[in-house]
Ligand code: PSU
Ligand code: MN
């Protein structure tokens, strides 16, 4: 594997010292937010993880290598690149072989984290079953990865650009535990609640770490979702954001957006239609996830 993986100095040293490591994805940087907020967000998330006792490992593909941890310069390159390729599981071999710049999705970040021996991963939102998937078959590869790869994902739930109910059904079928962190509800990214509940509620990082350890000690393959609601002061009004998302979905359909372009298109539209308010919420919830994810990683590292 050393042939394909390179570790930043910080991650290498952290691993050697037996510290808790937290993986971070890069599609959120290249396709989820505009420059320069994307790079600022990525730096701050790393800092929050350090402040909470863990070592951040932002993952991306460059020069034919899977980079576990990015330098300042690499982060800037990724954040400003016009041709970084959104890299899901199917794209990974092509991007490594062709030496393109690859931004890893949740699915691919999980794959790379597992290769590097990292068990915790923090992001904003996961992909899921899209609305209308019964005809389009648009179901994110993130869900299959959660079913089979042993990495836990801290996120703020799923956006209602997705069919949240079907996403939860899919996760149930695949045996992926969905934990509400200090909440009974399954959060909907911009809002702390949705029409659905999480499967279980856990209130302490140590409890989450224990559950993960038991899952993997039992030989139950796959990840888990730790759904951490957006802090109230940053959450958006439900009726308002639903209306915006409906508009974005309509525009996606009118423009014939398909495949891997659907999610970035919808995220961009929502940001445009909320005049940037959604971006502010998005950044705030990622920071909150970084804090929680680092704490869980530290507890898991003790077990
Ligand atoms: N949801 C978000 N922000 C994101 C993504 C999803 O709120 O940035 C990104 C993640 O990288 C996720 C990917 O893994 O989109 C899912 O894309 P798709 O739906 O094409 O599988
Ligand atoms: Mn898709």
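From the backbone N, Cα and C atoms, a Cβ is placed for every residue, glycine too.
Unlike curated records, TrEMBL annotations are generated automatically.
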Inset, instruction - According to TrEMBL, 86, 140, 141, 142 bind substrate; identify which of 55, 106, 122 is listed for that same site. - result: 106
Inset, instruction - May I ask which of the recorded positions 25, 86, 138, 140, 159 have a CB within less than 6 Å of any atom of ligand 1, listed in sequence order? - result: 25, 140, 159
Legend entry - Residues among the recorded positions 25, 86, 138, 140, 141 that border ligand 2 - Cβ under 6 angstroms, in sequence order: 138, 140
Inset, instruction - For residue 106 (substrate binding site), identify the closest of the recorded positions 25, 138, 159, judging by Cα separation. - result: 25
Inset, instruction - Measure the Cβ-based neighbour count of residue 159 (active site, nucleophile), defined as the other Cβ atoms within 10 Å of its Cβ. - result: 26
